[in-house]
């Protein structure tokens, strides 16, 4: 698909994502730091984009700060399901043109965020997982769009 359309999200997906976005916003630092720390452990090559970082654990101030930034951006993107392309354009350009991040890394971080949420949320139903996976797939697609 070339962009996210309204039809990509059912009413149930939208309800799941609206609830999840609140949880993400309230716990951005904790979930973000854990997701990044998991990514740096499981996909060690991703560390190459963070040359100034010495500590890649979830307790590191730099990991907490970047994790909070990422998860806050994802929570805000949940409010723009019908126009992710426009909403994420600046971030896509920054990551694609300036940072030149390998687009595969967006998917790696998505996997790690899903694991972190599944571990910590008591209400992480298959329906929540499905809606989140659909959303993160669309976010990854849009963030990768400035490479082409």
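Cβ atoms are placed via backbone N, Cα and C, with glycine included.
Annotated features, as they stand in Swiss-Prot:
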type    : residues : note
BINDING : 66       : O2 binding site
BINDING : 95       : heme b binding site
DOMAIN  : 8-148    : domain 'Globin'
MOD_RES : 1        : N-acetylserine
(message) Fewest other C-beta atoms within 10 angstroms of its own C-beta: which of the binding-site residues 66, 95 fits that?
(response) 66
(message) Can you tell me the CA-to-CA distance separating residue 95 (heme b binding site) and residue 66 (O2 binding site), as a whole number of Å?
(response) 14
